[in-house]
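S.K.: One structure is given below, represented as structure tokens, and several questions about it will come after.
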Amino acid sequence: MEDIDSNQVLSSSSEPSLSVSESLVPTRKPKDAGVKTVSFDGLLNEPLLLQEDLKEGCGGRLWPAGMLLAKYMLRHHSNLPGESIVELGAGGGLVGLAIARGCLVSPQSPIYITDQEPMLPLMENNIRLNNLSSIVMATALNWGEPLPSGIPSQPTIVLAADCVYFEPAFPLLISTLQKLLSPESVCYFCFKRRRRADFRFLKLAKKVFDIDEIRHDPDVEASRRENLFLYLIRLKKVGHHSKAGSNAGG
Ligand SMILES: C[S@@+](CC[C@H](N)C(=O)[O-])C[C@H]1O[C@@H](n2cnc3c(N)ncnc32)[C@H](O)[C@@H]1O
């Protein structure tokens, strides 16, 4: 995480408590850890408590792409019983925890929030803080590496928020998405464009996935002005590509 883009990007969130600098500057000094209360503009009756702690990397705070994706899911996909759900680059678990709290999910299909190993304690703490241990599991998953055995091998829903910011990781993320997605699964993918290179992710991803921008939501539409984009990603239909022949890397 020390190599990530250091552009300063300012943005606002519809939750006043989250209006903070959007810098993805690597944090070398541990910052104060704090707990935020997040209701997603009232979409959650019982707000989430989310600990932020940047000492293990940028995932230790809440990012606007995560806020937007969580709100979109709460508004439009609140009925998810029987779905198997995996979140990539979950940071503190914002999106997965929001879904666990505000959507209808079955305890038989827990939500897997995943990130690199150092983020595990923060994810686990946030699960505990919200009493969601029965339906949310934290797992270490490094993009580009073999999938951990504990998660569903082909979940029906994959979530990823603000995972596009470090160009060398683009093929790794694409490779993990290829491994996770089945022809039946969908990935809700939200990212903030901070620099021109970020659109290269889409260019690369379009070689192996069908990608449609989601715009049928006023919040999503308004967020485009802040360079936040939401996409639906699916495997290209059979015959249009070959997994083995893909040059997406990983
Ligand atoms: C900007 S944060 C977004 C966190 C959260 N999704 C949100 O929207 O608030 C990006 C996350 O991607 C994770 N990440 C970066 N590279 C990764 C990799 N190679 N494998 C797994 N996770 C990675 C980081 O640890 C970090 O938690």
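Every residue, even glycine, has its Cβ placed from backbone N, Cα and C.
Feature list, courtesy of TrEMBL:
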- TRP63, GLY89, ALA90, GLY91, ASP115, TRP143, ALA161: S-adenosyl-L-methionine binding site (BINDING)
- 9-26: compositional bias 'Low complexity' (COMPBIAS)
- 1-26: region 'Disordered' (REGION)
S.K.: Based on the record's binding annotation for S-adenosyl-L-methionine (TRP63, GLY89, ALA90, GLY91, ASP115, TRP143, ALA161), what whole-number value in Å is the widest Cα to Cα distance?
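M.R.: Among the residues the record ties to S-adenosyl-L-methionine, max Cα distance equals 19 Å.
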S.K.: Provide the three-state secondary structure of GLY89 (S-adenosyl-L-methionine binding site) computed with DSSP.
M.R.: coil
S.K.: Please report the three-state DSSP label of ASP115 (S-adenosyl-L-methionine binding site).
M.R.: strand
S.K.: Within 10 angstroms of the C-beta of ALA161 (S-adenosyl-L-methionine binding site), what count of other C-beta atoms is obtained when all protein chains are considered?
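M.R.: There are 30 such Cβ atoms around ALA161 (S-adenosyl-L-methionine binding site).
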S.K.: With a 10 Å radius around each C-beta, find which of these binding-site residues (TRP63, TRP143) has the fewest other C-beta atoms nearby.
M.R.: TRP143
